[in-house]
There are 2 protein chains.
Amino acid sequence: MTDTLRLGIAGLGTVGVGVVKIIQRQADLLTARTGKRIEISAVSARSRDKDRGVNTAKYGWEDDPVALAVRDDIDMFVELMGGSDGPAKAATEAAIAAGKDVVTANKALLALHGQELAVAAEARNVTLRYEAAVAGGIPVIKALTEGLAGNEITRVAGVMNGTCNYILTQMEATGQGYNALFEECGRLGYLEADPNLDVGGIDAGHKLALLAAIAFGTRVDFDAVALQGIQSITLQDIRRAGDMGYKIKLLGVAQMTGRGLEQRMTPCLVPASSPLGQLEGGTNMVVLEGDSVGQIVLRGAGAGEGPTASAVLSDICDIARGIRLPTFGQPAAHLKAAPPASAASPAPYYLRLTLKDKPGALAKVATVLGDNGISIDRMRQYDHPDQDVPVLIVTHVTARPSLDAALAALPATGVVEGEPVALRIEDV
Amino acid sequence: MTDTLRLGIAGLGTVGVGVVKIIQRQADLLTARTGKRIEISAVSARSRDKDRGVNTAKYGWEDDPVALAVRDDIDMFVELMGGSDGPAKAATEAAIAAGKDVVTANKALLALHGQELAVAAEARNVTLRYEAAVAGGIPVIKALTEGLAGNEITRVAGVMNGTCNYILTQMEATGQGYNALFEECGRLGYLEADPNLDVGGIDAGHKLALLAAIAFGTRVDFDAVALQGIQSITLQDIRRAGDMGYKIKLLGVAQMTGRGLEQRMTPCLVPASSPLGQLEGGTNMVVLEGDSVGQIVLRGAGAGEGPTASAVLSDICDIARGIRLPTFGQPAAHLKAAPPASAASPAPYYLRLTLKDKPGALAKVATVLGDNGISIDRMRQYDHPDQDVPVLIVTHVTARPSLDAALAALPATGVVEGEPVALRIEDV
Ligand SMILES: NC(=O)c1ccc[n+]([C@@H]2O[C@H](COP(=O)([O-])OP(=O)(O)OC[C@H]3O[C@@H](n4cnc5c(N)ncnc54)[C@H](OP(=O)(O)O)[C@@H]3O)[C@@H](O)[C@H]2O)c1
Ligand SMILES: NC(=O)c1ccc[n+]([C@@H]2O[C@H](COP(=O)([O-])OP(=O)(O)OC[C@H]3O[C@@H](n4cnc5c(N)ncnc54)[C@H](OP(=O)(O)O)[C@@H]3O)[C@@H](O)[C@H]2O)c1
C-alpha cells in the first residue's frame, strides 16, 4: 500500500493552476519518484466559479485560506496566493501552528517574514520551503543549500526579474524607449499589480535577500538591500554601454565583505560576452561562487505557469521523500543578523551627465571628480553644437562614498543639466 | 551534544585530498549546516608515505580499501580511487554489505555496475550517492533527481568532458591540430591513464548513461550509448563549421523516443551563439529539458580538486542531514531496462569528404546521396587545382540509416579518398 500526501492548495492563479495540472497529469510519475500518492484534498481562491482550465470539482473548497490551512484532511499547505501580509501570512502561520508542512512561491512573504516563519516552523517541527520563490524553474535554492553545502559561499549574483531583463534587451533590440516597453509589458501581463515591484527592483531584491540568507548563514534582511530600479536607463545608456563592450542588466549581488554583508539590486554594466551579458529576454540567470567549486551558473525560465509549478513540485516531492531541511539551510534560531556593509565595494562606474553648452564645462566636471579622488578611464563628449551635450565617463575603480561625494558636488558647478546617471560596472 | 558522522576515505589523489582539505578547513561550517560533526576515522591509498600536502597522520590507515570499508569506526565509505572494477568495486560492495553509506566520484563504476550496486544498497537500507561522478562541481544529479522531480524529462544534453572541450576550443583558438593539443593535454595532466576514456568519449558516455537512467527511470545502460570520439575532427572541420555559424562539441544527448531510448556521445555541430556553442575550455555544461520547466542550463567546472570535492561534500552533507534517496531517484528494483533506440533520431548532418580530382566526381557523390533519399542543403567544393579536393556538404534532416547507407555506398563510386567524416547538427 502506498502512503498518500494530502495537499491543500490556496491560490489557483498562474502558479496554482500549473501545480494542479502537474499533479493531475503526472500522478504516476510522482508516485514512482516519491513513493507516495500526491493528492489534493481541498483548494481555495477568491472566486469559486471562475473557469480555470482545470477540473477542481472533486476537491474540497474553502473560501478562507486559513480554514484550508488547518483542515484535518491535509498534510501540507501550498500557499500560492501571493502578498507579503494578509491571507498568505495568516494562512501560513495557521498551517504551521496546526503542524502542517508549507510550500510557497511567495518571495515577498519570505523576504519580509521568513525569519519568524522559519523559527515557528522549526519549533513546530514542520518544513517550510520556497524553491519557486527565487528564479522560477531554476532549482537554485536547492543548488545553494544542498548542492554547494561544502562551500564557503563567496558571492551570489544574478538576473532574477524577467520583466526587467525583457525591457532592457528589447530596448536594445527594437530601439524603443523605456516607457514604450513598460507599456508593452503591461499589455502582455508581464507586470505585477504594483509595477514598481518589478521595475523598481523590489521583487528581485526579495529574491536576493533570500539567497543571501542561505549563502552566508545570516538572517534574511531585505531592508538592507540597496535598491535601484531600471526606470532611469535610457536607450542611449544601452547603446553607449554596448559600444564599450557591455550590457546593462538589473543585477543582484550579495557578498560578505570585511565591512559587513553587501546586498545590492541595481542596474549594472556587465561584459557583453559573459554568460550574464548574453542573457536575453525573460530568462533568469544565477551565478553562485564558492571557495571550492569556483563559479556555477544556472539559467532557465524565471516565471510562468510551467516553470514555477515545476519548482513548487520540487519542494512537494522533497517533503514526500522525507527530505526535510531548515528553511534557510541552518536552524533559524541560530541565524545571526549580519551587519550590513556601510557601502558597496569599490568598482569602476559608468557615468552619464548632460552638460550645459558653456565653455569649460567639462573641465569643471573633471575637477570635481579629481577632487574626490576619482580617476577617469575613458570619457566621451557627444557633439551637439548649440545644445546641451551628453557626456559619458568610465571611471577607474572608485569607492562608492567618493562617487557619492562627487555626485553631490556636481550641481554647484552650474554646468550640469538634470540628474547624472551612475551605473556600476560589475566583473561577473 | 552534536552527533558525529565518521568517514573512511579510500583514495587520496586529486579528489581525495580535496575532500580532506574541505573537511579540515570548513569543519564548523559543515556542522552548522548539517548538525553533525563530520570526521575522518581512517584513510587508504596505495602509498602510505607520499607527501600529499595535507596532514592525515591523525587518521587511521588501511593498506586495503576493503578493510577500510568495513571498519567499525566508520559510518560512511567514500570511494575516490577510481576504476570500474578491482578495489573500487570490491570495497564498495563490502561497505554496502557492512551497512555503510557510500559516496563515490566514480562514473565508470556506476555506469557499469550501478544497477547491481543500487539494488544491494537499497536492500541493505544504505545510501549510495555519486554527485561528483557527473560534471564535477555542477550539482546536476541533484538538479535532475530532486529539482526537476515534477517533470517528465524530455531531453538531457551536455558537454561533460572538459579535456575534449579544451582540445576542440584550443584547436580553434590557436590553429593547432588535434595531435599537438592531445600531446599538450598529456603534458598538462588533463588525460586519464587511458586517454581513450577522454578523447574516445567513454568517460563522458559513462556520465550520460547515469543521467539518462535518472531522467527516464530506466536501468543504466552504458553499452547502449552510441560513442564517437573527437580524434577524427580536423582544424578544417572546426573552421568550416565556424564559417556556417556552428561550433563542434563532444555532445551527449539522451532522449526517450517512440523507437526507444536514444543515448549518444558524439562530436556534433551546435549553433555558435547557443550556450553550448559558447562554452570554452575545460568548463562543463548540462542542459536539462522537462515538460513543465522547459530548459534549464547548468554550467561550471567539470573536474579539478576543488569542484569535484565540492560535489563529494554535497553527498556527504546530504546524508549527514538525513537526505536519503535511491541511487537513481527511484527504487532500483523497480527500474526497467529501456529498449535502446534502433537509430538516432533524424537530423541534418555535416559531411566532409575528399574527392579525387576526376571529372564528374561531385556528381557521383550527389547521386549516391540522392539515391539514398538525402537532400543537400549546402555544398562547398574547395579549389585545389590538380589535387584531391575537400568537399563539405550540409544535408537537410536525414534519417541516420539513410546516411549510413549512403556512406557505405560511397567507396564504390571510386572518387572518394579516405574515410568521410559525418557529424550531426544538433539543435540545442
Ligand atoms: N506567476 C509567476 O510566474 C510566478 C513566479 C514565481 C513566483 N510567483 C509567486 O507565486 C504566487 C502566486 O502568483 P500567481 O502569478 O499565480 O498569482 P495570480 O495569478 O494572481 O493568482 C493568485 C491566486 O490567489 C487567489 N487569492 C488571492 N487572494 C486570495 C484570498 N484572500 N483567498 C483565497 N485565494 C486568494 C486568487 O484567487 P482568484 O483567482 O479567485 O482571484 C488567485 O487564484 C505569488 O506569491 C507570486 O509572487 C509567481
Ligand atoms: N580528478 C578529477 O577532476 C575528477 C573529476 C570527477 C570525478 N573523478 C573521479 O574521482 C575518482 C578519483 O580520481 P582522482 O583524479 O582523484 O584520481 P587519482 O589522483 O589518480 O587518485 C587515486 C587515488 O586512489 C588511490 N588508490 C588507487 N588504487 C588503490 C588501491 N588499490 N588501494 C588504495 N588506494 C588506491 C591512489 O593511491 P596513491 O596516491 O598512493 O597512488 C590515489 O590516492 C575517479 O573515480 C575519477 O573518475 C575525478
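Cβ coordinates come from backbone N, Cα and C, glycine included.
As the structure is a computational prediction, the values presented were derived from the model and not from experiment.
What TrEMBL says about this protein:
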BINDING   A:K107  NADPH binding site
BINDING   A:E192  L-homoserine binding site
ACT_SITE  A:K207  active site, proton donor
DOMAIN    A:350-428  domain 'ACT'
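Features as recorded by TrEMBL, highlighted on the structure.
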residue: A:K107; record: NADPH binding site; DSSP class: helix
residue: A:E192; record: L-homoserine binding site; DSSP class: coil
residue: A:K207; record: active site, proton donor; DSSP class: helix
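Here the domain 'ACT' (A:350-428) has a mean pLDDT of 91 out of 100.
Put simply, the residue listed as 'active site, proton donor' is 6 Å from the residue listed as 'NADPH binding site' when counted between their Cα atoms.
Each residue of the domain 'ACT' (A:350-428) gets a DSSP state, and the totals for helix, strand and coil are 24 helix, 30 strand, 25 coil. The two recorded residues, A:K207 (active site, proton donor) and the residue listed as 'L-homoserine binding site', show a Cα separation of 15 Å. Taking Cβ-Cβ distances under 8 Å and a sequence separation of 6 or more, the neighbours of A:E192 (L-homoserine binding site) in its chain are A:D198, A:D203. Other Cβ atoms within 10 Å of the Cβ of A:K107 (NADPH binding site) number 28 in total over all chains. When Cβ atoms from all protein chains are considered, those within 10 Å of the residue listed as 'active site, proton donor' total 29, not counting its own.
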